[in-house]
Amino acid sequence: MNLMQFSGLLVVWLLSTLFIATLTWFEFRRVRFNFNVFFSLLFLLTFFFGFPLTSVLVFRFDVGVAPPEILLQALLSAACFYGVYYVTYKTRLRKRVVDVTRKPLFTMNRVETHLTWVILMGIALVSVGIFFMHNGFLLFRLHSYSQIFSSEVSGVALKRFFYFFIPAMLVVYFLRQDSKAWLFFLVSTVAFGLLTYMIVGGTRANIIIAFAIFLFIGIIRGWISLWMLAAAGVLGIVGMFWLALKRYGLNVSGDEAFYTFLYLTRDTFSPWENLALLLQNYHNIDFQGLAPIVRDFYVFIPTWLWPGRPSIVLNSANYFTWEVLNNHSGLAISPTLIGSLVVMGGALFIPLGAIVVGLIIKWFDWLYELGNREPNRYKAAILHSFCFGAIFNMIVLAREGLDSFVSRVVFFLVVFGASLLVAKLLFWLFDSAGLIHKRTTSLPQAQVERKL
């Protein structure tokens with residue numbers, strides 16, 4: 001890539017970034033936070049943050065990248081996707097009906113709400129405990145990160161339950177919503193994330209998500225400003241780089257450290273070159289249709305329930321890694337949201353996928369607003385916990401693709417819903433046994449004397 005080609009790409013990148021950032025800023029000024037703001041920032045991070053890092057790698061370290069015309073296609077496809085997404089998100093098919101009393105789908109009381117977060121926390125802690133008993137601290141046992149996906153590690157399915165610690169702590173926060181509860185959420189979830197980082201052998205997802213939710217709650221409540229958010233973002237990038245060095249066992253300094261920082265940061269936060277790599281191999285893709293969405297559910301079905309379950313799950317990430325790139329290193333390469341749509345149906349699926357994603361984010365915002373208007377604080381805490389807990393699934397949506405998102409959000413919905421049902425069942429049993437007593441608020445002595 002020469003300077004003229006880079007200049008052309010830079011113009012497209014600047015215009016695309018300005019387009020998305022401007023729309024996001026207007027939305028932020030209007031509502032301060034909703035899931036459209038979050039997804040827009042996540043989209044910017046995934047598809048545009050990596051371009052400056054790639055440019056430095058090319059001109060400073062002479063790293064090979066996809067041809068400029070392919071990089072241009074990647075930038076334009078991302079900008080067009082966001083345009084279709086935004087129009088879909090903002091389009092209202094029916095008039096908004098205000099102040100209509102509807103029968104609630106469910107209600108929550110104090111005991112049921114506390115039982116729910118205890119059950120969610122129990123699911124996470126028991127899963128971590130069983131995994132630890134089988135494998136110990138994998139971070140200190142394994143020699144390479146890819147080994148955590150090998151047969152040496154048992155109970156891999158348990159890792160899917162670790163994340164439910166975060167929704168549990170979200171319920172605790174939303175019941176109080178003060179600065180102490182906010183800081184407690186950060187300390188508890190990051191500590192749990194560091195524990196799972198050592199046990200699993202280098203998975204940083206729980207730490208990133210806990211920190212991101214902490215920051216967005218701070219923005220919503222006005223406890224942190226935009227410059228503090230930017231400073232925290234820089235701190236987060238440095239922290240993730242340090243954890244990545246520990247995960248891969250790297251000891252670098254000087255130019256090598258700078259080079260390592262650039263490519264690890266790009267791969268961690270902005271795998272946009274994976275989309276370019278996919279577009280470069282467009283002619284090698286045998287479009288999979290909706291099959292990757294169905295196949296991604298296979299990992300949630302235990303072998304004792306389905307003895308003939310395929311050992312290899314050919315979702316869009318694995319198809320891209322194994323079939324398109326012929327890479328069998330043991331690690332799946334993230335195709336990104338747009339890449340997963342290309343694997344499923346080519347360029348035609350990009351605008352269709354943008355429409356689907358727009359409707360998904362619209363639904364999460366509807367649920368979030370429902371929680372904001374809910375007079376029952378216990379039910380509001382559950383609704384908000386579900387919405388913010390699904391942030392992990394939105395990160396999966398942007399990085400891994402639509403197929404991975406669908407399976408994980410269904411799994412999250414099933415476990416979260418089952419926890420609610422169990423909490424309600426336990427409350428009914430305790431109430432039937434006479435163990436539940438209504439709280440009585442005692443009047444101050446002065447009021448008692450007046451009444452007498």
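Placement of Cβ uses the backbone N, Cα and C atoms for every residue, glycine included.
The annotation transmembrane segment is assigned in Swiss-Prot to 6-26, 37-57, 63-83, 118-138, 155-175, 181-201, 207-227, 228-248, 341-361, 378-398, 410-430.
Taking Cβ pairs closer than 8 Å, the transmembrane segment (37-57) reaches residues 6, 9-10, 13, 16-17, 20-21, 23-24, 27-28, 31, 63, 65, 74-75, 78, 82, 216, 259, 262-263, 265-266, 269-273, 275, 336-338, 357, 361, 391, 394-395, 398-399 in its own chain, all 6 or more past its ends. Counting Cβ pairs under 8 Å to the transmembrane segment (118-138), the stretch among 63-83, 155-175, 228-248 with the most such contacts is 155-175. Nonlocal intrachain contacts for the transmembrane segment (63-83), taken as residues 6+ away from its ends with a CB within less than 8 angstroms of a stretch CB, comprise 1, 5-6, 8-9, 12-13, 15-16, 19-20, 40, 43, 47-48, 51, 54, 57, 263, 272-273, 275-277, 279-280, 337-338, 347, 350-351, 353-354.
In this chain, the transmembrane segment (6-26) does not touch the transmembrane segment (378-398); fewer than three CB pairs sit within less than 8 A of each other, excluding pairs fewer than 6 residues apart. Among the listed stretches 6-26, 207-227, 341-361, the one sharing the most Cβ pairs under 8 Å with the transmembrane segment (155-175) is 207-227. Sequence-distant contacts of the transmembrane segment (410-430) (same chain, six or more residues past either end, CB-CB distance under 8 Å): 106, 109, 111-113, 115-116, 119-120, 123, 160-161, 164, 167, 297, 300, 382, 386, 389-390, 392-393, 436. Beyond the ends of the transmembrane segment (207-227), by six or more residues, the same chain brings 32-33, 38, 163, 166, 170, 173, 177, 179, 182, 185-186, 189-190, 192-194, 197, 236, 239-240, 243, 388, 391-392, 395 to within a C-beta distance below 8 angstroms of the stretch.
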